[in-house]
Every structure is written in C-alpha cells, then in structure tokens.
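What follows is a single structure, written as structure tokens, with notes after it.
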C-alpha cells in the first residue's frame, strides 16, 4: 500500500510543471507588455506600475515606449472633452523623493493639490516633479491627453537614453479623478549596453558559465573513477552521479535561458519552467542523498528498510513545494525587483528544509553511535568528516539567511541591485561545495563494494584499508561479510524498527 501511494505521488510530481504552465502567461522579456492593464487608486492619483530595472549607463542603453494606448470608459468620455491628462514618469531610485510633495508636513501626495500649488508652485492636476540635483532634466515626464470624446489616447513612440547607471522606475499616473476605470495597452522595451538582460540578472549569466565549467570538471573526475571501478559501484554512488548530472544540466540551462533572454529580448515560458523544474529536482535529490548518507545507506546498511516510503514521501512533497516556489519567483519575472512569492508558497518550503535538517542530524547521530559501538574506525572517520562538513554548511547557510534578510530589509528600493546577484549565487556555490565533499569522501574505488556492507573488521586491517582506496590481499573481507551478514541484517531491522 505504501509503495502504491509513493508511486502515485511520484506520478503527480511529474505533472506539476505541466499543470502550472497552463496557468501562467507567456513570459516576455525586458519588453514589458501591458495587456489592457488597469490603473489603481493610490493616494490622490490613478497609478499603473510600468516596471523597474537596473540599467548601466551607455549610448546603447534606453527605455523605449511602443504603441502605448490609453483607454477610458464611456462615462469618462462624456464627463470631459479636452481634458484627461495622463503622465509617464521615469526616475532613478535615488530621485524617488523628487516625485510628489506634502503640504505643512502632512501626508505625501503624488498630484499637485491647491495647497501645494501655492506652496511649491506646481500645476494643479499634474504630477509634482522636483528637478534632480544630478540632472535638471530628470525625472523625465511624458504627457498624453485625451481629445474630444475619444475613448483612447495614443502616446507618441519615444526612446529615453540612459546616461547614468542606476535602478530605474516607470510609473503611469493620472491626476484626473474622472478617468477612473482607465486602462492601458502597449509595451516598453528596456535595454542595457550588452543586451536585453536586466542589470541585476546580467552577472548571473557569467556566473552560470563558471558554474557549468566547475560541474564539468567535477563530472570528468567523478566519471573517470566511476567507469574505472564500475564493477564495484555502490547504490549511494549511483545517487551521487545523478546529482552531478542534474547540477550540470541546471547550470547549463540557466545559462541558455539567460543568454536567450539577453540576445532576443524574449524569455520563453517552456525553457524557464523546465530549468526551474531541473533545479527543483536537483535540490530534492541532493537533500534525499544527504539524508540517506546520514542514515548510513550503502555504507552501514544495505537498505533503508521501512523508512523507504517515508523518505520518498518527504522527497516528493519537497519537490512539489520547491517547484511551486521557484516557478512563482522565476517564471515570467523580468523586473529587477527580487521575486516576492506569496507566504503560503514560502512557508512549506522553509518548513520542509527545517524538518529535513533535523532528520538528517538525528540520523547522523544514530549512525555515528552505531559505528562507535561496532568500532569500525575507517567508516567512523569518514562520517565524522561528513558530520563536521555538514555542520559548517548549515552554520554558513543560517548566517547567509540572516545576511539576506538584512540585505532586503535595508534596501527596500533595490539600490544595491549590482550586488544582489550574490544572494542567488551563494546557494548554488554552497550546494556545489557540499557535493564535492561527498564526492571526495565516497569516491568510487576497488574496495567500495567490498567494504560497503561488511560487518566488524579487524582493527589492524581497517587501519591499513579505507573505504575509498587501497587493495587487500586475498578475500578476507568477503569471508567476513558472509560470516557477519546475518547479524548485520538483524541489526539493521532492529534499528529501522527503533527509528
């Protein structure tokens, strides 16, 4: 029954990317598309958020307006003929206080009010704009006005060159309350000197190239040993091989996704979705691998016994939670504002990570205790090294989470966008480092299979031999394996019952 339930869960997890893709719009690029986008009431204005990206200064950097058309309701067209002003404002994050104002220290208004018109000399019914100290022409204001009783007003196609590196924001604002129900169609194209990739994402494209080479080097070393000792490969080492291949594929496909985005200005939904799926699968297999190693699978005992179904259940659940979170944060995201997934997607992923860490260290403690009782010094030394490495990685991860929270809390306007890529890159690096440690500790060797399930060995033989190297004369270990096979299996069954 447990096997049947696990099978159903695995089949369900394979359909998650497909099901989610039907509910997502096609991911465009730094060409921000506005498909009949509605304006919203914000303070004393009607506002539509147009986008935000980090752009590097260059003669080739620009924000271009294409086919921007505003649509008002029939009721709004009857109420006013030659009025109905809508303004587009582009400003760099450091000039955010140059938009809007407040009378007598009260609530800040985007649109000019009668009091503000007297105090600041702004024009009533328009956006309050204060010239930037760096360039009086900024923030940039573009105007479009409805004429007669027309239901639409078209903005002239315009290209704004970016001469200063920064995080740029675009807002469409109307100060006319008669335009309630206003909508907009069209698009804006944002371009950096090297392509369409937003500034915050640009360093990640190079990062994924370096990570691809790192995984390629690890793959070459591992597969050399894997093929050399293919007759003595452990199930654990098969799992490590899968994780290496998935890691390499993930890095390569992330690079292809970013390179395509940068060159064409489009970000296909299918490519991004499957890159995210590979990443979620890699993270799941990596965590299950660490859990299995901590339980002693393939080294201390040959099977997980009754825990197999529980491990599979946690793995499938984690994959679904991770897949949904990563899709929410990556697929269709083109702004340089870090993805803010909803709380109900973040919490399951965080809870499962915490649960897995607790389970891993609990299992690791039991495995170390078992090895100490058996006095198998070589395996005990390997597991102590693994335990220390894992503890260091967990401490580093917790420290980085604290830094990430601080980074985001102290940078609400994304002004440190040029270093924001390190937040994402850290998790890929730490996963790779831990994988390298596991590969080093459990490298395929001529004695891997022989020592995997053997019972208590002579202390003298263990000091000479190790799990990952060396050759023993004769077949002493095989004899001992036969001798102790029955007692080992009994101990494993008893341990599974206790767990």
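Positions of Cβ are set from backbone N, Cα and C atoms, glycine also.
The structure displayed is predicted, hence computed values, not measured ones.
Features of the protein shown, as given by TrEMBL:
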COMPBIAS  488-499  compositional bias 'Acidic residues'
DOMAIN    203-449  domain 'GOST seven transmembrane'
SIGNAL    1-29  signal peptide
TRANSMEM  207-227  transmembrane segment
TRANSMEM  239-256  transmembrane segment
TRANSMEM  268-285  transmembrane segment
TRANSMEM  297-321  transmembrane segment
TRANSMEM  341-361  transmembrane segment
TRANSMEM  382-403  transmembrane segment
TRANSMEM  423-443  transmembrane segment
* Give me the stretch from 268-285, 297-321, 341-361, 423-443 with the greatest number of Cβ pairs under 8 Å to the transmembrane segment (239-256). => 268-285
* With a Cβ cut-off under 8 Å, give me the same-chain residues at least six positions beyond the ends of the transmembrane segment (341-361) that come close to it. => 287, 290-291, 294, 314, 317-318, 321-322, 324-325, 328-329, 390, 394
* Asked: Which bits of the chain, at least 6 residues beyond where the transmembrane segment (207-227) starts or stops, bring a Cβ under 8 A of a Cβ in it?
  -> 233, 237, 240-241, 244-245, 247-248, 251-252, 254-255, 258, 421, 425, 428-429, 432, 435-436, 439, 443-445
* Same-chain Cβ contacts of the transmembrane segment (382-403) under 8 Å, 6 or more residues past its ends? -> 290, 293-294, 299, 357, 360-361, 364, 367-368, 371, 426-427, 430, 433-434, 437-438, 441-442, 467
